[in-house]
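Since the structure comes first, as structure tokens, the remarks are kept for the end.
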């Protein structure tokens, strides 16, 4: 792999032992809650016949993704903060980077697919069942997963070919693209350019699809005569809109930029929000604002 550094040291969150133990407790509780709540949504949709629709099928995919997304971060982060597992091998570092970025890309595609699903449900309510059938929903979900992992494959490969001569300390609790580029002693411009282009393709393109879908959705809602009808139509997509706003706001900050090497400390905070807070918030957003899910519960 062309590197003299065989492993990296993750700093995590520097501070006193007491402060790190407090963080470990918070991270562990958030992780347990995230897994339980997302797994509960999958089980609920699976067992409730009233929720056997494309929208909840996509929600199951999102919950399954969130479980693995936070699992790829939290256990290692806890080990780093406790000081029991601060080192990470070069190959595992690249794998974690590939795994997390691929899942993040898949989430972007899934959210855009869910926006398209809401567009069909609100703009073409009478033809929705025929337009968004089970075959199309499965194809869209599979395309999101395949597209997410394929989009990051070249980027992960290019990162693995970088030369690392030292230092070997990563100012983070996980291996991300910014940290690797900051430590490399070779020319990182091609990888930075590839990161920017992939970000444009994945994040911005999926965001555009989502925005266009919501432009049509809002236009269709405004044409509804009754106030009650407008409220009912908007309630079917308000939860998704909230999730989209949170996810794309933090993701664009992290990846859609010409240079990857900026404030690593700030990236660490945003990554914490992205990988731990968002996967925990999403299920509550969908369940608290969804009458069908409440009724199934």
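Cβ from N, Cα, C; glycine included.
Taken from TrEMBL, the feature transmembrane segment applies to 23-46 (among others).
Taken from TrEMBL, the feature domain 'G-protein coupled receptors family 1 profile' applies to 37-286.
Residues annotated as transmembrane segment in TrEMBL: 58-82 (among others).
Through the fold, the transmembrane segment (88-116) approaches residues 1, 3, 5-8, 10, 55, 58-59, 61-62, 65-66, 68-69, 72-73, 76, 140-141, 143-145, 147-149, 151-153, 155-156, 159-160, 164, 170, 174-177, 180, 198, 202-203, 206-207, 209-210, 213-214, 237, 240, 243-244, 247-248, 251, 274-275 of its own chain, all at least 6 residues removed from its boundaries and within a Cβ separation under 8 Å. Residues or ranges marked as transmembrane segment in TrEMBL: 88-116 (among others).
Non-local neighbours of the transmembrane segment (136-158) in the same chain are 54, 57-58, 61, 94, 97-98, 101-110, 113, 116-117, 177, 190-191, 194-195, 198, 201-202; each lies 6+ residues outside the stretch with a CB under 8 Å from one of its CB atoms. As annotated by TrEMBL, transmembrane segment applies to 136-158 (among others).
Here TrEMBL flags 193-217 (among others) as transmembrane segment.
The annotation transmembrane segment is assigned in TrEMBL to 238-256 (among others).
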